[in-house]
Amino acid sequence: MIHVLLYGHPILTHGIALPDTEPNFDDLSVWPALDNTGRGGRYGGRDRGDGRRTKDPGYVRMPVSRHRFNGTGRWKWGWHWSPPPGFPQGPRPWIPSQPTTGSEQQPTTTSRSRPTRMPWFSESTNSTAASITLHRRTTDKRWGWTSLEELGGIAYIIQLDIGTPPQKVKVFVDTGSYELWVNPRCDTSASDQLCQSYGNYFPKKSNSSIHVGGNFAVTYGTGAVRGSYWSDVMSIAMFNIPSVQFAVASDSNYTFAGILGLGYTYPYSIDYPSVLNLMVSQKLISAPIFSLGLGGDQDGFSEIIFGGVNRWKFAGPLVPVPIWPPVKEQDPRWVQYWVNVTSVGMTKPGAQGILFTQKEGFTMPTLIDTGSTLSYIREDLVAMIGQQFQATIDYQGNYFVDCSYRDLPGTVDFGFVGGKMVINVRYKDFIYQQYPGRCMLGVQPADVGSTNYVLGDTFIRGAYLVFDQESDTVWMNQYYNCGDGVVTVGTTPKDPKNIVGAC
């Protein structure tokens, strides 16, 4: 689910100054056709929301999809986040670990401390040799790797090649939604220049395009889009997939890139197979599983692997965190990666950890959402974390901190499964820098009266995550970067438990 924030100042995006004004949300021409019952709107093949729009000082509220808590349309504050400069995190030295089962690509390392990524080969190394011996990957490999382009901390982008001949299109990776759509309307986007640079797909220029028909319309945390469905051949993460169905926008507002939704789909929210479903049905991967390592601030190693896990991005075993509530108990039209956070704390530089959740049995069901720049949790927890950073609060309730904290070696800590897994997010990865001299706390209060808690990119940068739709589990460990070595997963149920990180 995409969340963005509006401010009364130019938003800086890679040196581009975006307009200093809000988009015209009262222009009905850029909104999906919705009536007062919501029957005019469609999200992933299902009617969503009640169709009303209101505008308040400083914020724009939009209806989003029905939520699992009450199954009715809820209001969600829409926020646009301006991007910070990028992500540096030094890699850890590679340390050999015990062998694992599966088809594996060995680590990519050099004599220098910074690993060199060479995803097309397996490599064998030893700790004393300066040279690298390359080997072709084995034919039983069933995973697809690709790097992600990081947009200054605001979002993560994947490249697709669609059609015949291929047309290059870049879209946001979003675990909080479930459909793929392309072609935002650039003249009504937050950045026409960025929008144009991400490419467009023109069905009439493809010899393999098929117009499926049907109406597509969706509203996100910020932005709206409508269009119709097409089918075409697509290349993604080293795979060529025929007959992929997706939406081609005819009109949109504010968003400047399309979206690849990776949430649960068929047979829950939509009645056609998603990109992930097609990878499984065409035996490109063994199960609907993908892993994600966004990496730290400015390190340039963001990646996604379909059907595989990179052992050289974490240490020790992956810890299973069950999706909760269970998939069968969630609204079948909107099944999500909800997990229980069981502790929230902080470790200051040179000090012992502080625990903000002292109550025994504390749980906080929270959505893991790559489409959300920040994280949104209980306001009392945000206040306690903010106090440790001496945060200031603006008139809209946003928490700001001194940017100098980003240079300190502290962490903000999120626990799962009763403390069996704690993800320590470095200050630099947690504190969001809108632009030099203006930084926001990585967690902000959820909407008043809402329990729609979200762990966004300010959490995910500290974790290595494996989203497993086969066992309804999100496998986790602390993110490190000590090279590359990919293992196939999904050949047997819950086999991520057999994978041991090599860092």
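Each position is counted from 1, following the chain as shown.
The backbone N, Cα and C atoms fix where each Cβ goes, glycine too.
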Partner cysteine of C403 (disulphide bond, per TrEMBL) from C439, C482: C439
All-chain count of other Cβ atoms within 10 Å of D369 (active site): 26
Pairwise CA distance, D174 (active site) versus D369 (active site), rounded so that it is a whole Å: 7
Cβ neighbour count within 10 Å of D174 (active site): 24
